[in-house]
Amino acid sequence: MILTEPLLEVRDLEVTFGHIQALRGASLTVGKHEIVGLVGDNGAGKSTLVKAISGVRPADSGQIYVEGAPATLGSPAASRDLGIEVVYQDLALASHLDSVENLFLGRQLRRGGVLRALGFVDRAEMRRVATETFVTLKMTVKDLSTPVGDLSGGQRQAVAVARAAHWAERLIIMDEPTAALGPVQTEQVGKMIRRVREHGLSVLVVSHDLPQVLDICDRVVVFRHGLAVASVASGDIGVRDLVDLMSGAEAADEEEL
Amino acid sequence: MSSLSVADLRKRILYRGSPALVWFTLVVLLVVFSAMAPGLFTSKVNISNILSDASILIVLAVAATLILAVGDFDLSIGAVLVFSGILGAKVMIAWDGGVGTGIALGLVVCLVSGAACGALSGALVAYARIPSIITTLGVMGLLTGASNLITGGVDLRGLPPELTRNIGNRSFGDVVSLPTIVAFVVAIIVAVIIRSTVFGRNTLALGSNAEALRRVGVDVRFHRMKVFALAGMCYGLAGFLSLAKYSTTTIAGHSNDMLQAYTAAILGGSSPFGGVVTVVGTVVGVFIPTTLQNGFVVLGIDPFWQQVAVGGVLLVAVFVQTYRKNQR
């Protein structure tokens, strides 16, 4: 059906923690410019899969392909080098620092010449690039020099997404992006995710918010007991059916796989 | 570029670690002491004394500011100062070559041993994950004991007179001493490091959210250790300056340093919870305990009251900081 290489293909991943098999041969694909939702009950293996793809906790066995090429994602750095960025549920922002600094957290731009060797940061350039990033993503962050701890939840989310979008070359993984947000902000996050896609990135959204997943994602992958049990276009399924798939009530309905 | 609204200003004063509080306190102290001892307190000699007294404390408080930036505490400030001073003094006393070389060697020994002590604390905090208060309490005991063992509890004498004459007591225009200049240079360097370098920005980020920094690939444990080592090097430098000023090791004279250094830093606007510091505030803050001490001496009040006053000021400063934090 799909003729071009998927952007990310995960095949038969297995991860075991002690006696618990968190992933039992899980497979998943994310196409280019595709927004894929990943849903499943608690303990279905969603977080474990995210950790395997982001290199935080590499899988024990299985293969990961990035644009068809086998990839070893043994560390967060390896994953980042392949253009994969993660927006963590806690956003991983330094609340005392401003939006610009958070965008470049640990990856600051440096001044030229001797000052570069001395490790001087190029504040002006970082501010310019940050402004540009926020403008292209149509995110309005009030004041770039306000510590992000003083921003609203939605604004902080925007900073975290902008950071991922700025650094990611291929894929952004979003872990529970709206868990702590109100309905209006949740709506805005949905728009942000679509805009990120417009900029040529793919997005993998892990969420419990099923209506939102159906709303923003092109396709939904359902995990149960460490396996992908369904992969359906979001237009072809409703919340009720998703819940059934997640809980296993309709275990027979797996022909889409 | 950006215009300042009242709300911005208020936010800056309340949340950005502005040294407004410390400036206010200092001005009040200066006004009160000047009024109570006119002529005496504001004399050239006395101002020179205050500046000179502040010099060593500035170096220590700036180092304390670095430690606060990563959200830690270092109780071993005075102990490292004394220990590295003893090692430096030993070398200078034993050296029988040129005096200048001997003094330079002594300085290097003070800096290196201070940095090593800091690195030890830092390694224990970062890699063994022992809370910094406990770690540095242990290191403090270790080094205080070692200092007493090395010296038998008796201050070392016989340092080259040139050390005091050319460094400790060298004065410019009878007001600014060389140690004071050194202290301000250190403060400027550390301020620039924190404000404008990758190292400094990561130091603040580490104090703000270590996990976030780790996830973007920064070796946060090594970074924390480096911050402690840098602070330790400052204590070593302070140890050297102390030798130069007093021409002896002053083993028992630094138990109060830690209290004064943290009072200066926290009153200056650096957060005891990490992530927000201001070196300018710290330097101004140093003049609170220093001015108190000096003012009490000038007024003939028992100088032990200075400790009481400094302790009280620290509590007020921490209260204000905690209040700010809870307001967020």
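Note: Cβ is positioned from N, Cα and C throughout, glycine not excepted.
The model shown is predicted, which means the values in this text are computed figures rather than measured ones.
TrEMBL lists B:20-42, B:54-71, B:77-95, B:102-127, B:133-154, B:175-194, B:265-292, B:304-323 with the feature transmembrane segment.
Ranking B:20-42, B:77-95, B:175-194 by CB pairs under 8 A with the transmembrane segment (B:304-323) puts B:20-42 at the top.
The stretch from B:77-95, B:102-127, B:133-154, B:265-292 with the most CB pairs below 8 A to the transmembrane segment (B:175-194) is B:265-292. The list of residues near the transmembrane segment (B:102-127) in space but at least 6 beyond its ends in sequence, with Cβ under 8 angstroms from a Cβ of it, reads 72, 74, 76, 80-81, 83-85, 87-89, 91-92, 95, 135-136, 138-139, 143, 160, 162-163, 167, 220-222, 224-237, 239-240, 243.
Remote same-chain partners of the transmembrane segment (B:54-71), defined as residues 6 or more beyond its termini with a Cβ less than 8 Å from a stretch Cβ, comprise 77, 81, 132, 177, 179-180, 182-184, 186-187, 190, 194, 203-204, 206-207, 224, 227-228, 230-232, 234-235, 237-238, 241-242, 245, 257-258, 260-262, 264-266, 268, 270-275, 277-279, 282-283, 285-287, 289-290. Among residues of the same chain six or more beyond the transmembrane segment (B:133-154), those with a C-beta under 8 A of the stretch's C-beta atoms are 73-76, 78-80, 82-83, 86, 90, 117, 120-121, 124-125, 249, 251. Beyond the transmembrane segment (B:77-95), the same-chain residues lying 6 or more positions past its ends with a Cβ under 8 Å from any Cβ of the stretch are 60, 63-64, 101-103, 105-107, 109-111, 113-114, 117-118, 139-144, 146-147, 150-151, 156, 158-160, 163, 232, 235-236, 238-240, 242-243, 248-251, 254-258, 261.
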